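Student: Below you'll find the structure I mean.
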Amino acid sequence: MDSKVSSQKGSRLLLLLVVSNLLLCQGVVSTPVCPNGAGNCQVSLRDLFDRAVMVSHYIHNLSSEMFNEFDKRYAQGKGFITMALNSCHTSSLPTPEDKEQAQQTHHEVLMSLILGLLRSWNDPLYHLVTEVRGMKGAPDGILSRAIEIEEENKRLLEGMEMIFGQVLPGAKETEPYPVWSGLPSLQTKDEDARYSAFYNLLHCLRRDSSKIDTYLKLLNCRIIYNNNC
């Protein structure tokens, strides 16, 4: 194993240790938010937000690392980026275009968008893990990150559902979320087309994880710290 790979793994382990230690200090370890069922669970809104912000940041870091590794190994000189622009399955969601727009968006809308994004990634993340496992010569780093992201996405969704319930008690979150239909592209026998589909999916995951991270930090600042952050 070369020094560059060792350095990348060391950085990821350090980040994971920092996140784990922070969560342990707050009594919110990286397990389901309510391991004994919602009826036995009392977690403060501040703790829920602290956990969610750290997990979303971790997911975005993993997504960026996974995309960069795939790009270097499979996409150099292929022009995949031109096909990936504006082709995400979540593009139909009316998300703010930048941080300034997000700051002007009502917190209920931002929370609904986060929930929609998280739910829309459950299925593609499951299939991403499955298909990467079957990819010949796929780096272990890509698979390990995909597995972690799938697990953390579920935990973050659970936490966001609890946050929604505390911030908007009695409200029902029933907005439909985009359905992913890209599995056939990940399974095509055309190698370039298959790699292009993987590239597009990872590009979209990095984009959406960045949005979720940004929206969550804004909500945390607005709701928990009354914009004093």
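Cβ atoms are placed via backbone N, Cα and C, with glycine included.
Sharing the feature lines straight out of Swiss-Prot:
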{"type": "SIGNAL", "residues": "1-30", "note": "signal peptide"}
{"type": "DISULFID", "residues": "C34-C41", "note": "disulfide bond"}
{"type": "MOD_RES", "residues": "S56", "note": "phosphoserine"}
{"type": "MOD_RES", "residues": "S64", "note": "phosphoserine"}
{"type": "DISULFID", "residues": "C88-C204", "note": "disulfide bond"}
{"type": "MOD_RES", "residues": "S120", "note": "phosphoserine"}
{"type": "DISULFID", "residues": "C221-C229", "note": "disulfide bond"}
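Neighbours and distances for these, please.
Tutor: The DSSP secondary structure for S56 (phosphoserine) is helix. All protein chains included, S56 (phosphoserine) registers 27 other Cβ atoms within 10 Å of its own Cβ.
Around S64 (phosphoserine), the C-beta neighbours below 8 angstroms that are at least 6 residues distant in the chain are R206, S209.
All chains included, 20 other C-beta atoms sit within 10 angstroms of the C-beta of C88 (disulfide bond).
S120 (phosphoserine) carries a helical DSSP state (H, G or I).
Sequence-distant contacts (6 or more apart, same chain, Cβ under 8 Å) of C229 (disulfide bond) comprise N220, C221.
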Student: Quick one: pull the CA-CA distance for S56 (phosphoserine) versus C204 (disulfide bond), whole Å only.
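Tutor: Computed Cα spacing between S56 (phosphoserine) and C204 (disulfide bond) is 15 Å.
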Student: Measuring Cα to Cα, how many Å separate C204 (disulfide bond) from S120 (phosphoserine)?
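Tutor: Counting only the Cα atoms, the answer is 12 Å.
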